[in-house]
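Features of the protein shown, as given by TrEMBL:
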type	residues	note
COMPBIAS	1713-1722	compositional bias 'Basic residues'
COMPBIAS	1723-1750	compositional bias 'Polar residues'
COMPBIAS	1758-1772	compositional bias 'Polar residues'
COMPBIAS	1823-1845	compositional bias 'Polar residues'
DOMAIN	38-133	domain 'Ig-like'
DOMAIN	141-243	domain 'Ig-like'
DOMAIN	434-527	domain 'Ig-like'
DOMAIN	532-612	domain 'Ig-like'
DOMAIN	622-707	domain 'Ig-like'
DOMAIN	718-812	domain 'Ig-like'
DOMAIN	816-913	domain 'Ig-like'
DOMAIN	968-1067	domain 'Fibronectin type-III'
DOMAIN	1072-1168	domain 'Fibronectin type-III'
DOMAIN	1268-1361	domain 'Ig-like'
DOMAIN	1363-1457	domain 'Fibronectin type-III'
DOMAIN	1462-1553	domain 'Fibronectin type-III'
SIGNAL	1-23	signal peptide
Amino acid sequence: YSLMATLLLHAFWSILPSPNACCSFCCDLLSDVRFLSPSTVHSEDAGSTRLYFVNASLQRVTYSSSVGVSLPCPAGGTPSAILRWYLATGDDIYDVPHIRHVHANGTLQLYPFSPSAYNSYIHDNDYFCTAENQAGKIRSPNIRIKAVFREPYTVRVADQRSMRGNVAVFKCLIPAAVQEYVSVVSWERDTVSIVTGNRFSLTSFGALYISDVQKEDALSTYRCITKHKYSGETRQSNGARLSVMDPNESSPTILDSFQPREVYAGQSIELPCTAGGYPSPTVRWLKDGRPLPSDARWTRRLTGLTISDLRQEDSGSYACEVTNSFGSKEVSGQLHVIDPLRVTLSPKNLKTGISSTLFFTCSVEGSPEYTINWYRNTEPIIPDQHISIQGQHNDTLQITAAQKFHSGAYQCFASRKGHTAQDFSIILLEDGTPRIVSSFSERVVNPGEPFSLMCGAKGAPPPSITWTLDDEPVVRDSTYKTSQYTLSDGLTVSHVNVSSPLIRDGGVYRCAARNSAGSAEYQARINVRGPPRIRPMRDITAVAGRNTYITCRVIGYPYYSIKWLKDGMQLPDNHRQVVFENGTLRLTDVQKGADEGTYLCSVLIQPQVSINQTVHVTVKVPPLIQPFDIPSTSVGKLMYIACVVSSGDMPIRITWHKDGQLIVPGSASGVAIETKEFMSSLQISKVTLKHNGNYTCIASNAAATVSWERQLIVTVPPRFVVQPNNQDCIYGKAGVLNCSVEGYPPPKVMWKHAKGVGNPQQYHPVPLTGRIQIMSNGSLLIRHVLEDDRGYYLCQASNGVGSDISKSMILTVKIPAMITSHPNTTMARKGQTKELNCTARGEQPIIIRWERGDTVIDAERNPRYSITINKKGDEVISTLKLNPAERGDSVFFSCHAINSYGEGRGLIQLTVQEPPDPPELEVREVKDRSMNLRWIQRFDGNSIITSYDIEYKNKSGIPSVSITPDGPPIEVFLQPMTSQSIRVTWRAPKKELQNGVIRGYQIGYRENGPGSNGQYSIVEMKATGDSEVYTLDNLKKFAQYGVVVQAFNRAGTGPSSTEINATTLEDVPSEPPQNVRAISVTSDEAVITWAEPPRLTLHGVLKGYRVVFWSLFPDGEWGEMQNITTTREQVELRGLEKFTNYSVQVLAYTQAGDGVRSNVLYIQTREDLPGPPAGIKAVPSSPSSVVVSWLPPHKPNGVIRKYTIYCSSPGSGQPAPSEYEANPEMLFYRITHLTRGKQYQIWAAAVTTAGRGNISSKVTVEPAGKVPGKILSFGGTVTTPWMKEVRLPCSSVGEPAPTIKWTKRIDRSLLDLIIIDGQRQVLSNGTLVLRSVKAEDSGQYTCTATNTLGYDTIIVNLVVQVPPDQPRLTVSTTSTSSITLEWVPGDNGGSSIRGFVLQYSVDNTEEWRDVFISSTEHRFRLDNLRCGTWYKVKLAAKNSVGSGRISEIIEAKTHGREPVFNKDQPLLTHINSTHAGINLQGWTSGGCPITDLMLDFRPKGTWAWQSLKANSTTQLFLSELREATWYELKMKACNSAGCGNQSSQFATTDYDGSTIPPIKSARGEGEDVKKLFSIGSPVILITLGVALLFIIRKKRKEKRLKRLRGERNQRSNLAEMLISKNNRTIDTPVKGPPQGPRLHIDIPRVQLLIEDKEDISKYKFNETSQDFLGLTSVNPQNFCSGVSLHHQALIQNSGPLIDMSDIRPGTNPVSRKSIKSAHSSRNRYSSQWTLSRPSQSQSTASARTLTSDWRTMGSHGITATESDSYSASLSQDTDKGRNSMVSTESASSTYEELARAYEHAKLEEHLQHAKFTITECFISDSSSDQMTTGTNDPADSMTSLSTPSEPGICRFTASPPKPQDYDRGKNVAVPIPHRANKSKYTRFFYFVSQLLSRPVFSPVTNCSFIRQTSFLISQPIRKHDV
């Protein structure tokens, strides 16, 4: 109905002609319909602040004491909530060192602990976690946290009996103490795991069912395997037997049954019911006495009844009836299916006002039996005057007249039998004082014309609206219709409808909105046309000092005016009187004498006609109390307090209150009150503490009531109520140090502590943590006493009254007995003596008791045990000796330490090892020549069965007898090698104890630390000699391991050595710190916080943390990387750049080094005041204006919002400069309206949100009519990445307009005019635009602005950033699985290096893998590589421009080689007629694990091979062989490094064991020769053909070489030099170290792929070689020992970081062309040749290197272009090149190719005019490989050391030819650098002899250094050549 009424209302209002129109039907409808909202409270979102649960269902946590547990808080909030943990009792959680800790992120961590450190208060208690933020505070359900100890227990299986064909049931019997934590994981039958299926079934309870039992089932033993849920320990039961009987008629026998159960809905349950008997019984299931209905969820199985997806209707009584012809049995039980509790609290989130009434309903689904508890902000709700809890289950919460403090989080908890569910709601209560939000306006209506007034108000709770007309209530009748309704948004709307108004219905209408929080009013006049008149007005009583309103109640309209008069004078006549237009008079601050009297309201209705009405105002004066104070006093003194009323109308009543209660004078209160007419005094004859409080004097009269309140403080100095006394506390328990004081004000108690037991030296305040707190009475509570708490304590109290008091005491910490050291597990040999040690400490005396299992050991009654006690300091060592150890001693022993303060226990698992019991042997399937043996292993001797020895003999034979070793290995030593490996060394047992040949060893190792299961892991190795070494790999990092070693021979395993412990080395942390957060505190300070990495990932002792941070500038550049080291989990970064982005990473480090860095965290410092503008200019632009330009501040320190320009004229008398504002994008401003010829000072400042920054420097300018050319732009340095467009501004002013010219500086004195082309352009505003800038565009650019009156210039230094240069990469170390690389970065290209990209691939593949490395790293280790494998590696640097040129590709090989068979080992171990044993142990792995073993064998003389793949690495048997047959055998063993092969022949024996003779070939020797000839003939023919082709090709090359040599025979010829000086062929090996000159020549690949080749070994060097080198003899002591030529290589910008110049040393350069063809379009090759130039006494050769630096001729002179550079190194041996780790991927070629290349170079003329100057030399002693250098440049030093075998290197600079030299060679084609897309026929060669024919340096002692960009020619020079 409400909705319909609303719709009708809106429909009618929409069709009314005017807002004032209202039909009678509409008005009646409005008056009869009352709109109500469904609820008085509006459900809204409480805002962005919220709370939530992450895992509210978590209610139980059980963990192992040896592992510990970390428990995140299941609650949270947004924004981040404060997370706290509490005990269920409400006590705060406190940190206990090494026991319990609450992390900053709210995670509760309980550390592993020993049994002696157990504390039920900590380790077995209920906890809950709370989350609190602005929305409120919620708590999780109670979480039961329980620690489980490593308890000794055994599981067993009982023997069973069953009839054949029946069912047998085996159950695993688990002790009740651990049954909750131990479960059956599997069953074994004769050591073989049983798989469900066939006749075997495993139930969910861990029982084993065997159906259709057969006789052979009795031959097996059955064991169950259990696992501890929390410690992970596994146990194996004893072996049980099944007795199988023949069927015998009998009634049913129940074998397995079920008990009453309670299960949650949705789960599955299995009700076991199995019976035996004969005949086999039938099973029938009943539910509530009726047969089971058909339901797919119910499944009948052999094991019983299984019900899946349980429902509540499945609850009931279940019965299982088993019946056969001889009887029946029944099993019954009750099944209760319950639903999990689910709680819904409604409404969910509320936002309402104060004084509202709230209802909460807690709806619970699930089990009907539950209890409900209510909480507000985690505190239990207690009903009071506002809150009531109602309902049958207390499921309704009502809050009436809600107040502000009722805001918060409300939770409803429903609990049933340990299970709890909850839901919560957030309540926000606001001030709900009403406010008028919509109203009506003043209007004029005619009589009978209906009108409607609307007033809308909001408040909480929604207000009620009332109406008045001229202060009289509007009564609902036939004239007035009122209505009121509340909309869904809380708006209350009220209407007053007048259908036929009369004159009396006019006047002031007022709507008043009121609720419990307050009220609000609104009024306006409605005028009804008619004769005016004034309603009678009531007299008014006003209160002096307050405001009063008097309304003239005039009705009728129109009238001319309303006036007020008093005493004949028109008002207002003073400032306190105001007359409003509607006729209302306001009197402000009413005064009795001036404002009391009669007021006349006069209404002018016609000219000269008025109507009047009077009203009398009476003024009442309220009381005024004279202020007074109450001084502080002390006990026993007198007190007099007077309260005087200085003004007010009589009579005045005065009363006194204390703390809000009326004071009744008398002896009980000790107070007397004396009151007179206008004063009252309060007298206290003897002040006591009870007189403390607030005293209020209240005075009242007819006008008002006033009060004055002051506090009386009765001071009492502090005194002890309970004094501290010396006290004993027990370690680990709670202790209270009593100290109770009293006084007033309440004294403040402070506790201090001084360590030590002697005289206290210095007291320090006790830090108050969760563990230590001061109680309300002043006592000190220590929740968990530690040893460090002992010492002197001082209780000091003060309250500012009198002197402080203090009292000291001594706290003695009593240590309960605790076990500090004992072995967790140990082994003993049966029959030998075994000692078990247990160390205890604590308060003496300590009694140590030993128990075996649950039985106390009495050494006096059992002589096999002896117990000794030794005292060592404060420790007691007890030793239990077992003599001898027996099989039954394989149990848990426990030592108990007991003293007066507690007890500790240590568990020791003793395993007694002995030779295994003999198996039960059974002979089966005896054939004529073979038999099958079957056996059942009995007791294994508590050691793994490694092998079985089968001995057999003929009846006349005598078997040999052997025994196991009697002694353990000796001299066992452990050496940690890495963080994951330990090397074990030992020697064989003593000879007399070996009892035969030691076949091998078993090494047992286990981790001795928290979380370990104490079980040994066993590895076995073959014996190799007297001394043995074995490395244990893949161990945990920084973990302690115990190692034992056992030797074994043919008979079995001997005793183990004593366990030795070693700890793997520390490693770096593998995970970064957690929860890294950064907070910007100020503009130059930030706080970084984090949490410790998980302890398991530290891998060492945490030394501290390193915070790495660097700035990120707006241009993309990185600032200097800085780091701070700290031991705390927080650091303050100070002195940061303001308003700057920073990248932050945090790492933990150990002794081994830095760990993994955290993810990069970005933070920006806050804004601050900007710096001054970096520059400012002011130039005149006209007679009345100047233009100002400026540069942005160097340090903006924020976002520039604007610039302020100041202009001041000195001496003008202006008090302040003129200010102008400019947008931040504009860097210039024109100031106009200036005076010509007058000087002005101008300056500027930048403005950010933080305020105005510092001002710039001041410049002086004078407007002028004619202005010389001036530039507004600024010079300076401009940095840009290459290939971008750059704009260099040059804005100018001047009259006349200046012309702009740009030039670029070439050298110090030469400026080159900028040429306008497609790349360079000068815009109309003078801006120079450079497109696609390159490195050569860098330089100084000058802009000149010129007109007839002058000129101006600026210089811009352009820096073009390019990709970085290649790093110099080397290999540092290698291992079997890693390669460590080091590098030296090259030039950064003008931009800081961001990082390195390392690429690597396996040698014979092109699948490159990328690794990104930080810019701070110059060393990296590639891990997880394949063993024994060659890898190719290259590196490139990255900066803001991009990736730079890649380094030279280097090759490195991980350690290891292919497997090899040991020739000293026999290939076959034994052979019989049908089997052969292969000894796989003879393979040596070569350092890399063997992955594959493959065997091929066949009878000799046959073609088909039989293949076999071996999985074992010890021994393999070939079976089903033919008798008396020769076999061929091939074996191949492979690892990651390759494969090794081994072949052999063997013959099987005859059936009687006799051997057979070798096979004689039936074919003669002639057939072998014939076979050899048939194979060799094709080979010979192919060889001859190849030789013939080679000779033909050789002749062709000789002809071409002669033709080329004839063309230029007048010049020195390199080929002739080679021919004349070299008689050695290309195959002649180079022996000894390189001596004499060496020449390395690098030529682009395109020149090398020339098909013609010829052998030049027949040529020799001519005598002009000395001229060729351009050298003359000088003093041999003064020389530069070498010349090198290099320059920076072309940077590759496209494609991946791949250097395709990968031709290997010693290979033909053409052979791999096809492999790289896919990349030839963008990569380069280089190859290498070696030239021999022997000296007079030597024939060895050296090499020289030549690289090119080309300059091309342009139309405007010589212009530098990009150039090619190729590197080469001497290497003729592939392995040598690999092992040096310096492979340049070059290839050697033939001498004739080199000769022909130089012949072509001689044809080029353009280089003969080049000028060479020396730049620098590197001098070395020829007897040393260590070179000395004359430069401090580390890069150059590295270059010089790249060929340490050379005696020295000099560098030269080649200058371009002079112009006149160019004219001589202008017809010569100038070569250009080769590119892949150029024609392959392009040729460019080098003319070398002319370059070197001139003297290039004079004799020097130390070479000078000239730094120039150059190419360098290297050639080692002999001393006698200088």
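Each Cβ is built from the backbone N, Cα and C atoms, and glycine gets one as well.
Stretch with the largest number of CB pairs closer than 8 A to the domain 'Ig-like' (718-812), among 38-133, 141-243, 434-527, 968-1067, 1462-1553: 38-133.
Residues of the domain 'Ig-like' (622-707) grouped by DSSP class, helix first, strand second and coil last, total 3 helix, 44 strand, 39 coil. Counting residues per DSSP class in helix, strand and coil order gives 4 helix, 44 strand, 33 coil for the domain 'Ig-like' (532-612). With a cut-off of 8 Å on Cβ pairs spaced 6 or more residues apart, the domain 'Ig-like' (434-527) and the domain 'Ig-like' (816-913) reach fewer than 3 such pairs and are scored as not touching. The stretch with the most CB contacts under 8 Å to the domain 'Ig-like' (38-133), chosen from 141-243, 816-913, 1072-1168, is 141-243. Remark: secondary structure over the domain 'Fibronectin type-III' (1462-1553) totals 3 helix, 47 strand, 42 coil, with classes taken from DSSP. Note: the domain 'Fibronectin type-III' (1072-1168) comprises 3 helix, 50 strand, 44 coil (DSSP; helix = H, G, I, strand = E, B). If you average pLDDT over the domain 'Ig-like' (816-913) in this model, you get 90. Secondary structure of the domain 'Ig-like' (38-133) per DSSP, as helix, strand and coil residue counts: 7 helix, 40 strand, 49 coil.
The domain 'Ig-like' (434-527): residue composition by secondary structure is 3 helix, 56 strand, 35 coil, according to DSSP.
Look at the domain 'Fibronectin type-III' (1363-1457): DSSP puts its residues at 0 helix, 45 strand, 50 coil.
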